[in-house]
Amino acid sequence: MKVLWVAVVVALLAGCQADMEGELGPEEPLTTQQPRGKDSQPWEQALGRFWDYLRWVQTLSDQVQEELLNTQVIQELTALMEETMKEVKAYKEELEGQLGPMAQETQARVSKELQAAQARLGSDMEDLRNRLAQYRSEVQAMLGQSTEELRARMASHLRKLRKRLLRDADDLKKRLAVYQAGASEGAERSLSAVRERFGPLVEQGQSRAATLSTLAGQPLLERAEAWRQKLHGRLEEVGVRAQDRLDKIRQQLEEVHAKVEEQGNQMRLQAEAFQARLRSWFEPLVEDMQRQWAGLVEKVQLALRPSPTSPPSENH
């Protein structure tokens, strides 16, 4: 079966070599073909090299299939998705615990914004994981198709697979940037709401302290000032803690962004390397067979061409 599979791939590449060259971009590197001497080899040696190529590719076919069926990328993205959603949930619960006793309206607004961001992030990362699983299933299905279907779909499938991987990586990159901006904006609005709500209370405290100072004297004024400073200190503490959490979630989003972008680059490089490997395996064989066949046809034509008849010599 392996020898038959390799023979099918050789015939496929010989038939759609021109299509593959047109669909691959200029950025994809190709393995340089080893130079050959000017003296052409006999066609028997060319046939021997053909079987040598088949045996060589047969030893590599299992490795190629293992690379195509590898699920390490999907597993790493799954773990990364779970870790990210866990951190978002922990931040949401901590922020609700800090703002709950002070401002229920602010707590409800922040909770709603964080739930929406959490749902969008989880949905998009789950979509990316499902797409990667779909790519793997399509590759497995492609390897099981008949010779005619495989020959018709090979060139376009490789190009579409590469474009989809690049498009999904770029889409996820843009969405993460939107989430980062949304988280920053939501946290800033929450801090502003806290200041707006407690600002009048501080002013009322100052006004009451001034009024009571005229009635009860200096000791009561000092107590009111101490209460105002204590309340102001608590407000500043809440603001600092919320800002720290905002910085932490920004850093986590940047790390997630970097990891996902790295995974996208790795998938793109793997696809390009696999395409280059296929071409480097079979292009030298196809070119060598075409050259040897042309030489054989030329030799046969020369052998079948009638030789000119020499004139008879006269004896004197």
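Cβ atoms are placed via backbone N, Cα and C, with glycine included.
In Swiss-Prot, the region 'LDL and other lipoprotein receptors binding' annotation falls on 157-167 of the listed ranges 14-24, 47-57, 58-68, 157-167. Residue counts for the region 'Specificity for association with VLDL' (277-289) under DSSP, helix first, then strand, then coil, are 13 helix, 0 strand, 0 coil. Within the same chain, no residue at least 6 positions away in sequence has its Cβ under 8 Å from that of K230 (heparin binding site).
Cβ neighbour count for H232 (heparin binding site): 13 (other Cβ atoms within 10 Å of its Cβ, all protein chains included).
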